[in-house]
2 protein chains.
Amino acid sequence: MKYGIVAFPSKKLQDLANAYRKRYDPHYALITPHMTVKGVFEANDQEIEEVAKEVRNVTKKYKPFELNVSKVSTFAPITNTLYFKVDPSNELLALHEGLNSGNLKDDLDYTFVPHITIAQKLSSGEHDDIVGQLKMVGVNHSEIVDRLHLLYQLEDGSWTVYETFHLGEVN
Amino acid sequence: MKYGIVAFPSKKLQDLANAYRKRYDPHYALITPHMTVKGVFEANDQEIEEVAKEVRNVTKKYKPFELNVSKVSTFAPITNTLYFKVDPSNELLALHEGLNSGNLKDDLDYTFVPHITIAQKLSSGEHDDIVGQLKMVGVNHSEIVDRLHLLYQLEDGSWTVYETFHLGEVN
């Protein structure tokens, strides 16, 4: 089964992201707006219990952090994906490192660019049409994230929450 | 903001429900398959913290329960909704009562019929066309539910998880 760990931002920021996603993100219906902190990994029913314990061990060591988005960026030309860029604060980078090292080690072959996707799988034409406008409108929002969610994926591609982890708390 | 409390069944049962929901449930994209244990209620950001505490107090008192689905039923002629009927075990009824009484009291004007919706908002013609077949195919599945999730609704109607509660545990 496929799992991942994300932060769901506040309703306000999710609504804002969805205003774009509804039009520009084919994954719109599969998951609500989120920032991934541990990318997709495989685990079976037994393994995930161990993973969840380990995630709990990690998340209790980190405090709630400030999620600050201040601009719209693009991953083009790698992929035609637009996103709210999340400032890579030291707290967030440390949390990401904690969730992707030790017993939770992943073979990450890319740099962690914290973000909330608002458009993806665009054609180059679509991308080029909207990137300027979305960057100009921009985004400016800050909030405290105090919890992460471990999700699993259903056969149709949608994601269900398995568990919530409060940062800085034992549960 | 609108909140609700549900149990998400296992991936296996969710995939089965989604096979029908994809065709027959316009809410398919708004939430993954679930059994509601506390219907929609309103709360603001402060109130929900109190509610979450109270839910934690309640859920720690109840043990994981067996979720048993053994037939497809319909709410027609009240509404043209088809569902996997969940056996109303004493454990489940007690948990539902706990989440809808005391400080969590709701003015429930209906009887709790535990279920997982697989089709809704059908025309009478559609309903009558498929009800016989779905009942005949039926469903037969049993599993243990050990957690509930508190959700909130975004402006587009989709639901995001706010918090997980493990039955029988403090967190």
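Placement of Cβ uses the backbone N, Cα and C atoms for every residue, glycine included.
TrEMBL labels come from automatic prediction, so no person has curated them.
Now, the feature entries from TrEMBL:
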| type | residues | note |
| --- | --- | --- |
| ACT_SITE | A:His34 | active site, proton donor |
| ACT_SITE | A:His115 | active site, proton acceptor |
| MOTIF | A:34-37 | motif 'HXTX 1' |
| MOTIF | A:115-118 | motif 'HXTX 2' |
* Contacting positions for the motif 'HXTX 2' (A:115-118) when only residues 6+ beyond its ends and CB under 8 Å are counted -> 9, 13, 17, 20-21, 24-25, 27, 33-35, 69, 72-73, 81-86, 134
* Same-chain residue ranges lying at least 6 outside the motif 'HXTX 1' (A:34-37) that approach it to Cβ under 8 Å -> 4-9, 67, 86, 92, 95-96, 99, 114-116, 148
* Can you name the residues of this chain that are 6 or more positions from the residue listed as 'active site, proton donor' yet have a C-beta less than 8 Å from its C-beta? -> A:Val6, A:Ala7, A:Phe8, A:Pro9, A:Ile116
* To do: Would you mind listing, in sequence order, the residues at least six apart from A:His115 (active site, proton acceptor) in the same chain with a Cβ closer than 8 Å to its Cβ?
  => A:Met35, A:Ser73, A:Tyr83, A:Phe84, A:Lys85, A:Val86
